[in-house]
Amino acid sequence: MTELRRHAIDLDNFSATEIEEILETAESMREVLSREIKQVPALRGKTVVNMFFEESTRTRISFELAARALSANVVAFTARGSSVEKGESLVDTVRTLQALGADIIVMRHSQSGAPYLVARHFRGSLINAGDGRHAHPTQALLDLYTMQSRLGQIRDLHVVIVGDILHSRVVRSNLWGLTRLGARVTLCGPPTLIGPAAFWTATWPQVRIAYELDPLLPEADVVMALRLQKERMQSGLLPALREYTRIYGLTSERLARLPSHAIVMHPGPMNEGIEIFPEVATASPAVIEEQVTNGVAVRMALLYRMAG
């Protein structure tokens, strides 16, 4: 493997074929998880360190379950109580973990680009579990897997992503994956939460930008709502939550305009009653709980790949 190929920092470094191979492996891993004994010895003897510098529920637990299902030794690292609180640098922490025998590090960090720094100083494999606004590749992979398992393919799907586009690491990773696999993507939201269109089209020229959701719904195969980060209200990027919900909130009335085969997704955590309503989040066509379930199989597939 080349230096970057040893790591999964974002999907920009994965070809369409490689992404498809991960999704295919995830299908096999889902079969493992359906058994009475949900474990295979694929990573026996390997040590996976989950190093989370940000709070997480779904991603952290999903990675722990995935690694254990592959029979890996799993170590949960938290910054609280560690030498990081005493001033140890991120690089020194990683070198310590390497000296202790870590084979794979799964890292979440608040600073965009932190995984690139770690990757330069770690001889094993690094999986990015989310860094700042930059990337969340395993969320994108599980989203792709969910779309494919529900709709049969990714190519030519029209995927509408609505919400706080500008500040979302999920969007960026999904754009790499969706465009590589031939989907059509529309980013939708208030202009202040999308930013300049050229910011997106310079990297993904095939992506469309829209500021109204309703006209997109009759032709959408997938609608993915993003969490509205309430702190944006304080910075003046939104006039009022009620106004946002009126124009962009996923209500049962609004989703009645979708084609019968369409699905609704959300990477979580959700602000119910703001970007999505409870009756929508827990009933068809929503597949939000399915996304969470699929995350274990997808992360098993990626860990298996990273272990060589």
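Any Cβ shown, glycine's included, is placed from N, Cα and C.
Because the structure is a prediction, the values reported are computed rather than measured.
According to Swiss-Prot, the features are:
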type	residues	note
BINDING	R58, T59, R108, H136, Q139, G268, P269	carbamoyl phosphate binding site
BINDING	K86, R169, R227	L-aspartate binding site
Hey, of the binding-site residues listed (R58, R108, H136, R169, R227), which one tops the CB count within 10 A?
H136
Identify all same-chain residues not among R58, T59, R108, H136, Q139, G268, P269 whose C-beta atom falls within 8 angstroms of the centroid of the carbamoyl phosphate site's C-beta atoms; report them in sequence order.
S56, T57, A129, G130, V170, P267
Around R227 (L-aspartate binding site), which of the listed binding-site residues (R58, T59, R108, Q139) come within 10 Å, judging by Cα atoms?
none
Farthest-apart CA atoms of R58, T59, R108, H136, Q139, G268, P269, residues recorded for carbamoyl phosphate, distance in Å:
16
G268 (carbamoyl phosphate binding site) CB neighbourhood, other CB atoms within 10 A:
17
Enter the number of other CB atoms within 10 angstroms of the CB of T59 (carbamoyl phosphate binding site).
24
Rounded Cα-Cα span from R58 (carbamoyl phosphate binding site) to R169 (L-aspartate binding site), Å:
16
